[in-house]
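**Q** Attaching a single structure in structure tokens format; questions to follow.
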Amino acid sequence: MSEELVQHPKESLPGPRASPREVWKKGGRLLSVLLAVNVLLLASTLISGGAFNKVAVYDTDVFALLTTMMLLAALWIIFYLLRTARCPDAVPYRDEHAGPIWLRGALGYEDKSGLVLFGICTLVMDVFKTGYYSSFLECQSAIKILHPIIQAVFVIVQTYFLWVSAKDCIHIHLDLTRCGLMFTLTTNLAIWMAAVVDESVHQAHSYSGSYGNSSHTRLTPDPERAGSTTGGDPCPCSTAICQIFQQGYFYLYPFNIEYSLFASTMLYVMWKNVGRLIASTHSHGHTPSRVSLFRETFFAGPILGLLLFVVGLAVFILYEVQVSGERDHTQQALVTYYSFNIACLGLMTLVSLSGSIIYRFDRRAMDHHKNPTRTLDVALLMGAAMGQYAISYYSIVAVVVGSPRDLLGALNLSHALLMIAQHTFQNVFIIESLHRGPPGAEPCEMPPKESCQGITFANLDAIHTLPSCPPTPRLVSPSPESPQEAMAIISAPRCHWRRRCLKDISLFLLLCNVILWIMPAFGARPHFSNTVEVDFYGYSLWAAIVNICLPFGIFYRMHAVSSLLEVYVLS
């Protein structure tokens with residue numbers, strides 16, 4: 001399934017004839033990438049500059065840029081939808097593999113409930129932000145109220161666009177489409193950066209008082225910029241409703257961050273599919289099918305995963321309650337937090353290693369065909385893991401070189417080492433799973449060619465109760481197919497135990513990754529509560545390391561969830 005356009009004879013070309021413009025495919029991609037890079041650099045410059053009060057970049061400048069980008073992207077999406085609707089030949093091919101299973105929904109490939117869930121949470125966040133800024137309308141710029149409203153419109157338009165067009169392989173206005181998709185992708189990345197900066201600075205501000213630092217988020221009015229002569233806050237959030245809105249949208253930031261990243265991955269696959277020719281006679285890869293959770297499992301993985309999920313929620317709540325109290329309570333909260341994470345990461349490492357060992361006995365053929373979605377999934381898993389790798393190695397150096405030799409230091413070191421091991425073995429397991437052939441490709445499921453006419457069955461009804469990898473065959477009169485179908489039932493149990501083990505492993509890892517996403521995404525920052533790294537590197541350097549690397553670690557967890565869901569389906 002080649003991604004490159006190939007000149008075919010007219011009679012054998014599976015789709016529209018290659019036009020002279022398609023020869024410039026790489027040039028068109030380069031043009032769209034250059035556009036995206038320049039826009040992204042401009043956005044990142046303003047967003048990072050607007051995060052600090054001493055930089056002469058006002059928060060209204062950042063909001064104005066993001067609002068303009070979202071308006072332009074929404075207008076292009078509307079143009080795309082109208083253009084494809086009026087041109088029947090605009091989309092001659094559909095990439096059935098486009099979009100991770102998480103975005104397509106857990107119970108079906110055509111249900112994109114995953115993307116809609118994050119979109120709805122983002123809309124609720126926009127409502128909270130609008131209510132927050134409206135609480136002191138008399139001293140705020142109009143762009144601050146307009147920004148969440150435009151973002152809500154952009155989320156609605158983009159979600160509908162990805163719902164109906166995520167699989168498109170468009171073949172008209174190729175360069176314009178590539179530039180439009182890249183600009184929309186850049187807009188999502190800019191929204192992600194703005195959310196990460198606001199959330200990170202907000203978290204850092206919560207811990208800065210202990211280290212004599214002062215920091216303000218871009219969302220907090222700056223007295224100097226507001227022209228206040230008294231030095232007080234010209235826009236105080238004093239009412240209960242205002243404080244609810246303010247706290248509410250910070251808790252909803254993780255959903256907005258994940259929505260922007262997942263939308264970016266889908267847009268990238270669409271960009272790769274522009275002008276792509278796909279053979280219509282057959283498709284490589286995995287056949288879409290419906291999936292039922294907990295089906296064909298031993299239930300050990302889901303039960304243990306749910307147990308760790310519940311315990312993790314209790315540990316997270318206990319940590320949030322105790323970490324802001326007295327020093328003794330903070331020490332106890334950190335010990336509890338690290339102990340749970342060490343146990344969870346240790347089990348995940350062993351389970352991932354067990355899954356890789358099981359694949360040594362799996363005789364399904366490897367799928368080496370080109371697949372933009374799978375290639376992107378692997379790249380994101382490896383790239384996002386670098387963020388957590390960096391934090392772990394910085395922690396290892398601080399603990400080993402630093403002078404403290406106490407229980408907390410030992411737990412911190414064990415946590416960092418297990419974090420590296422868990423990411424490594426989990427990536428190996430997931431990547432190998434994604435490259436396995438579809439179910440039914442195992443030799444154990446393929447009936448042998450030699451005849452077995454002599455096989456008889458004492459209880460024909462019992463044959464239907466036997467577990468089988470392929471669909472249960474029909475019992476018909478003796479024919480060349482009947483003995484092969486019978487042998488398929490007899491040989492299926494030899495490989496069925498591996499299927500069940502792999503499904504248990506994938507569900508266990510999925511639930512563990514969910515709880516390990518919830519903890520840092522909703523405010524758990526032991527990196528600052530534990531003073532080992534802060535004392536070793538200094539608050540400013542350590543805060544920069546965590547605020548840059550941790551968002552990638554958070555994204556890794558959610559992307560691992562989507563990949564593990566696909567592993568569950570393909571097992």
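Just so you know, glycine gets a Cβ as well, placed from its N, Cα and C.
Automatic, uncurated: that is what TrEMBL annotation is.
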**Q** Suppose you had to name the range TrEMBL annotates as transmembrane segment; which of 179-198, 259-278 would you pick?
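**A** Matching range for transmembrane segment: 259-278.
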**Q** If you count Cβ pairs under 8 Å, which stretch among 114-133, 259-278, 505-524 touches the transmembrane segment (339-359) the most?
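**A** It is 505-524, which has the most Cβ pairs under 8 Å.
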**Q** Can we call the transmembrane segment (62-82) and the transmembrane segment (145-164) in contact, meaning three or more C-beta pairs below 8 angstroms at a sequence separation of 6+?
**A** yes
**Q** Is the transmembrane segment (505-524) close to the transmembrane segment (259-278), in the sense of at least 3 CB pairs under 8 angstroms with a sequence gap of 6 or more?
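**A** In this chain the transmembrane segment (259-278) does not contact the transmembrane segment (505-524) - fewer than 3 Cβ pairs sit under 8 Å.
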**Q** Tell me, please, if the transmembrane segment (379-401) and the transmembrane segment (536-556) are in contact, taking contact as 3+ Cβ pairs under 8 Å between residues separated by 6 or more positions?
**A** yes
**Q** Under an 8 Å Cβ to Cβ limit, what residues of the same chain, 6 or more beyond the ends of the transmembrane segment (536-556), are close to it?
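**A** Tertiary neighbours of the transmembrane segment (536-556) are 196, 200-201, 203-204, 208, 211, 213, 254, 257-258, 261, 380-381, 383-388, 390-391, 394, 397-398, 401-402, 423, 517, 520-521, 525, 527-528.
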**Q** Using Cβ atoms and a strict cutoff of less than 8 Å, what residues sit near the transmembrane segment (114-133) while being 6 or more residues removed from its termini?
**A** 102-106, 140, 144-145, 147-149, 151-152, 155-156, 159, 162-163, 237, 241-242, 245-246, 248-249, 252-253, 255-256, 258-259, 262-263, 266, 562
